[in-house]
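Features reported for this protein in TrEMBL:
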DOMAIN    228-369  domain 'O-antigen ligase-related'
TRANSMEM  28-49  transmembrane segment
TRANSMEM  56-73  transmembrane segment
TRANSMEM  79-101  transmembrane segment
TRANSMEM  122-141  transmembrane segment
TRANSMEM  147-174  transmembrane segment
TRANSMEM  194-216  transmembrane segment
TRANSMEM  228-253  transmembrane segment
TRANSMEM  265-285  transmembrane segment
TRANSMEM  361-380  transmembrane segment
TRANSMEM  392-412  transmembrane segment
Amino acid sequence: MSSVAHPPSNTLQQPTALKTGFNGAVPWAAFVLIVSLPFMQLFTVNFIFPLKIFEIAIILWGLTAVATLRIHVFDVPVLIFGILLTFYCVIALLVDLRVLDNVGDFSHLARWSPEVDGLTKCAYLLICVLGLNLVAYAAYFQPRRAIDLWVTGAMIAACVHFVLFLMSLAGMALPNLPGMPDNPQMIDLAGMRLYRAATFLEGNYGGPFFVLSFLLACHRRHKWRAYLLLSAALLTFSTTALLGLTAIGLYWMLKGKDVMAKIKVLFIVIPLMIVGAPLIEIFVLDKISDDSDTSSLSDRTNTALEALGMFQDNVFIGVGISQYGFNVPGRMRWDFARNDYAVDKEKSIPNNVYAETLSELGLVGVLFLAAFLFTIFRIVRRCSHPLLRAGAYAVFLFWISSPTITLMYYWAYLGLVCGIARYESRPQTRLLLPGRPVQSA
């Protein structure tokens, strides 16, 4: 029989982990995962295909769990529904590829065949499910350490970003860092080419991560770290991060209880918005209206509409996970040749998690995903900190312009908030913020 270690429900006085011999010990892989989250591109290990540090940690932890027949489980429904979602993706993919014949001659768009490409995406999804479980488990037993490690990793990534940004500002050649592409993502501004990708593949990956890290630094009252992480988020020039930050601020203004803090924020934000109005016009309004930009609203709308067209043709089980890009060239419902993801370059993506999910997983997959997310947010909503809850809700906003649902740091953040919410509900526990005790359950 296998032993399962998991945090207790609110009615239990003793953690179940104590009864199974784990004594609340957090697996080493959880802390490696948390601190290495920003190194999604930097320091990747090439083994057939690039492996991230946290992926290696999760795989080793999983193999150890199988070998010892023991697994640390934060919440049984969350883990079960996550595994069921992954299992459905595998079955639907195999059914789609056997029944449907619509990938045409576009298999060259990925490093492997459509089948292997889809199964690889399923593996990434399972790793995200296990990663969420690990981070939540760590945040339940050692919340301060989990948050501080996250902020530490984010600060290291921010420092790398600042150095590379300043080098590009000075017109210096950027170094070839391990794992990073030869042509890193840059942005043209005032006649200069500025670095924007941090330790990620592109700025739209790094921006939301730094926003979530900024919220965690604010939660721990690390003022200067929060300022630096906010600066790093802004210097990725990510429209997604900027819009998410705005939504988080509005939510906090409505739900937060610290009136003086709100007044201070207004005195800072309003002058910054006035001074930064030209930049907002360049990086938000112009990007939305510029039809020549493949990240413009018109192009993103086209890719989303194409996804909805696939959904209409395959309502119940979709075209299969990671199969959107194999189907787009054969449909040609929009100016595909003008887009970055032309037939002779690489596989197209909808850049919208919701459109991607509908087209690739169908109604059945959407129901599985909704059930999985419901098990997560039934815990998230119990978190007593508006900033942390706002970050969890912002994940849904980030997904509107996200390249994939399998970005680990989104799931890790949800796991972190789940762990903190469950930690705070323990009898006679204390809040993470100093000087504010929790009522006994």
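Heads up, the Cβ atoms here are built off N, Cα and C, so glycines get one too.
Residues 33-34, 37-38, 40, 52, 54-55, 121, 124-125, 127-129, 131-132, 135, 150, 204-205, 208-209, 211-212, 239-240, 243-244, 247-248, 251, 300, 349, 351-354, 356-357, 377, 380, 383 of the same chain lie 6+ residues outside the transmembrane segment (392-412) yet bring a C-beta within less than 8 angstroms of a C-beta in it. Within the same chain, residues 6-7, 15, 17, 24-27, 29-31, 33-34, 54-55, 58-59, 61-62, 72-75, 78-79, 82-83, 85-86, 89-90, 93, 147, 321, 376, 405-406, 408, 411-412, 414-420, 422-423 sit at least 6 positions outside the transmembrane segment (122-141) and bring their C-beta atoms closer than 8 Å to a C-beta of that stretch. Counting residues 6+ beyond its ends, the transmembrane segment (228-253) has Cβ neighbours under 8 Å at 151, 154-155, 157-158, 161-162, 165, 187, 189, 194, 196-198, 203-204, 206-208, 210-211, 213-215, 217, 262, 265, 269, 280, 283-284, 287, 295, 386-387, 389-391, 393-394, 397-398, 400-402 in the same chain. Across all of the domain 'O-antigen ligase-related' (228-369), the predicted model scores a mean pLDDT of 74.
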